[in-house]
Amino acid sequence: MAKLTCRWTKEDYEIFDLVHDLKAEEGDDVTFYSYLRIEKDATPAQLTKAYRKRSLELHPDKNPGVPGIQQKFARLGVITGILRDGERRDRYNFFLKNGVPKWKGFGYAYTRWRPGMGFVICFLVLFTALMHYVVMRMNYARDSKKVEYFTEAALRQARGANRKVRVPFYEGSNQSLELVVEDGWVYLPHDDGSLHPLSELATPPSLLRTWPCNVARSLIYKVTGGPKEEVVVEDIRVSAEDVEVSDEVPSGPGTSSVDTSNAGRLRSRAAELRAQRTGKASASPDSTPGASESETSNTDGGSRKKAGGKAAAARKRKMNKK
């Protein structure tokens, strides 16, 4: 900045002071030309004529008692002298086009734009969010290719059947991934027996999942106590005999009301219970025909858990042998 101030000449400082004083008194839009009421390309003859006219208007003898009239009249003469000098006029035209430096306390210098703290923070947040979105798009493209490979390989091995298949991680790999094919869809099995659609493993990118949105969402949940989740719990215990007697469930204190759709489901469940009781009665005479729905469900659940445990142990032994 010091180098910039050293380049100004004495004539430049004179122009800077005149521009500063003229704007302070007449306004920011006033120039040397508008002050003399001439065009920028006025000739010396037009300049002289304009000076004579303006000097009569601003002469102290014509304006007795007007504050600052002496300074205005003197400034008019200096401005006219600058515009009459070709070199100084070109210098003024340069500053008129490119802007006049401002006084900085140690000299005149151009004001450089400096971003504030808020602008810097906003820029960094937007830039990093954009980079995060680009990374998500790259990950989505990579995961989509993997899902496509495993899906095609699993369907090719299944050959239209519903069964479990093992797909190598890549061609010629000794490691493989166990998948389940059902009705033309490929699923990833979990240890608890649940199935997750393989197509959902490739998460599409979204601006709402970038880190600024995640932080804002976390702050909102922290203030509001988290997202509101509506939990519906049905505590209805109806035996098969109750459904056989009547399709209507009485409502009253301590009793939940059941609508028509629930009653239909209960009738279907009662039919299943009757079929199960009939099968058990023929297989074991000691079984009680009045078994409740909860007892039958517990028995079936225990059988499933036991079978699931044996299957898991068999898979584990098979993997250990490999």
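Placement of Cβ uses the backbone N, Cα and C atoms for every residue, glycine included.
According to TrEMBL, the features are:
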COMPBIAS  253-263  compositional bias 'Polar residues'
COMPBIAS  279-300  compositional bias 'Polar residues'
COMPBIAS  304-322  compositional bias 'Basic residues'
DOMAIN    31-96  domain 'J'
REGION    241-322  region 'Disordered'
TRANSMEM  116-136  transmembrane segment
Summarise the domain 'J' (31-96) as counts of helix, strand and coil residues per DSSP.
47 helix, 0 strand, 19 coil
I'm checking region-level scores; what's the whole-number mean pLDDT for the domain 'J' (31-96)?
89
